[in-house]
Every structure is written in C-alpha cells, then in structure tokens.
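*Asks:* Structure in structure tokens, see below.
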Amino acid sequence: MSEVKSRKKPGPKVAAPEPEKRSDGRKNPEARGDAGWADPRTGLSLLSLAMTLGLAWLVFQQSEKFAKVEKQYRLLQTESSEFQGLQSKISLISSKLESTENTLQEATSSISLMTQFEQEVSGLQRSIRDIETSEEMLTQKMQNLNEKFQNITDFWKRTLAEMIDDTAVFKSEVKDTHSEVTLKINSADQEIKSLTERLKDLEDSTLRNIRTVSRQEEEDLLRVEAQLSSDTKAVKKLEEEQHTLLARDEDLTNKLSSYEPKVEECKAHFPTIENAVHSVLRVSQDLIGTERKMEELTMQMFNMEDDMLRAVSEIMEMQKTLEGIQYDNSLLKMQNELVVLKGKVHDFIAYSSAREKGTLGEYSLGNKGTDEY
C-alpha cells in the first residue's frame, strides 16, 4: 500500500511545474508550441503506466491470495468428503465462498473502472489543449480513485480475515465432530460388546431352560404313564366288581324265581288254613272232650307255625335283598301281600294262644273283625 501511495503521489508533482511553463509560455510564446505539448503527455502517460502497474500488482497479489484460498478450499473439500455427515456446515462455508465470489465480481467491476480510466486517458490526450481547466477535475478524480482503491484493499483485508476466521472455526468444528464421532463409535462398540454378552447369557439360559423343560416333560410322562397304569388296574377291578355284581344279581333273580313257587304254595295253603280254623271253631265245642287230639293238633299247628315263621323269615330276607336291588312295583305288591300274610299268621298265633287260655269267644269276635278287614 505504501508503494501504491508513493506511485500515486508523483501525479500532482508532475503537474506542479505547469505554472512555470505558463509563465515561460507567456515569456516565450514560440517555445510553447512543442515543449508545452510534450510535458503533459509524458506526465499523463507516466501516470497511466503507474496506475496500470499498481493495479496489475494489486491484481497479482489478489490472484495469489485467491490461489491460496482455492487451495485451502480444495483441502476443505477433500476433508468434507471424508465427513459426509457435515454437509450442512460445508453448505454454510460454500455460501460464504459465494459471498467472496461476489466480492470478486466487484473486483472485476473495479477492473472495468480501469478500462474506463484508460478511456478517460485517451480523452485527456484529446483534450490536452483544455488541460489547464481540467487539472482540478483530474486531481479530484485521482483522489476518488485512491479512495476507491483504499476501500477495495480494506475490503479485501476484511474478507481475508473473515475467511481465516471461518477456516479456524471450521477446523475447530471438524475436530469437535471428529471427537463426537469417535465417542459415538466407542459407545457403539461398548454397546455391541454388552449385547453380545447378553446374547451369550440368553443362549446359556435358553439351553438350561430347554434341559429343565425336557426333564419336566419326561417326569410328567412317567407320572402320566403311572397314572394310566393305575387307572387301567382300577378299571379292571371295577370290571371285575361289575361282573361279580352281575353274577350276584343273576343269583338273586334265580333265588327270587325259586322262592316264587313257595310263596304261591303258601298263598294256596292260606284258604285251607282259614277253612280249617273255621271248622275248628265250629267243632270246638264237640272237641272239648278230645283235648289230646287237640293237643296233637296244636302241636301240629305249632309245627306249622314254626314252618310259617321260617317262611316269613325267609320272605323277610328276600324282602331285604329286593329292597337292595330296588325292583319295580310288582315287588311292592308282593310286599303288601306278605304284610297281609304276616298279619294272618300273627292272628293264627293269637288264636292258638287264646284257645289255650280258654278265650275262644273273644278270639272269634276278633276273627270276625279281621275277616271284615
């Protein structure tokens, strides 16, 4: 910048001796025609050369800086390709680089200003005759150009500082992300190790559970087999008991069928007994003298009574067996008939005992009541 300023300062110094030239021109009007035209042209040409050299030097420096920036950008791009997860941050940096491209476009606009300046120089060469009036305008324009170049250089310094700061921030962010990624990878490795250990534990526990379940199933099968064997034995016993009960039922039915004719015989003998009792009552008065015969007859009657009692006991046993087997209503009818038979037997016993005591009259009255029944 100091060299640019030193190159820009000779401009007004070259223009300073012009008043002397004016005075000389006034003194020597003949020499003004050649020397007066040569000095402004050389000064302006030197100024234009100095400005072009300064601009070329600035552009060269900026091109070197931009080459460095491009190298750094390429390095950043290679690093960003390794970290695909940081595309968002790279997009931010690319947006910042686009802003730098805008600044480059502004620099190109400054170059277009240089072309305009050259056009102005050519116009100045045409208007050398009017240079006396346009010196102030030229100095003002030079000052404006110096200010513009100063502003451009300051802007480039700021942009370079911002880019350096951005690269430093990006490096720090890359380091942070790299550390975070490494931490995540380490945590993932630890989780994978813990999961593998858990899987091993689960496999061992499943094997143990399978063994225990197989043992329990075998024990359950043995228990079921034992229960089945015991159940089969119980079923066999029940079948045997059923067969015995069926045989007993057949025996009881046979006995019942064998006792039925005896009962019929008893029923058949009951009217004869009743007739005999009536005949005894009728001839009781005639038979008082024949007590021996009556005693014999009573003995026979007692024997017959014993037989009847035996028959009654057998009938009672049959009744008990019939109640256990629970036959139909025919058995109930037979029970009723047996009850009537028992009543008649008891009446006969009472009659025989009354006859012995000499109470035949009372017994006859009672017998009439039973006949009415």
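Glycine too: its Cβ is placed from the backbone N, Cα and C atoms.
These came from Swiss-Prot, pasted as-is:
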| type | residues | note |
| --- | --- | --- |
| COMPBIAS | 1-11 | compositional bias 'Basic residues' |
| COMPBIAS | 18-33 | compositional bias 'Basic and acidic residues' |
| TRANSMEM | 43-59 | transmembrane segment |
| COILED | 86-257 | coiled coil |
| CARBOHYD | N151 | N-linked glycosylation site |
| COILED | 285-324 | coiled coil |
*Asks:* How many other Cβ atoms sit within 10 Å of the Cβ of the residue listed as 'N-linked glycosylation site'?
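*Replies:* Here the count is 11.
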*Asks:* DSSP three-state call for N151 (N-linked glycosylation site): helix, strand or coil?
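*Replies:* Reduced to three states, the DSSP call for N151 (N-linked glycosylation site) is helix.
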*Asks:* Taking only the residues in the coiled coil (285-324), give me the average pLDDT of this model.
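*Replies:* PLDDT averaged over the stretch: 70.
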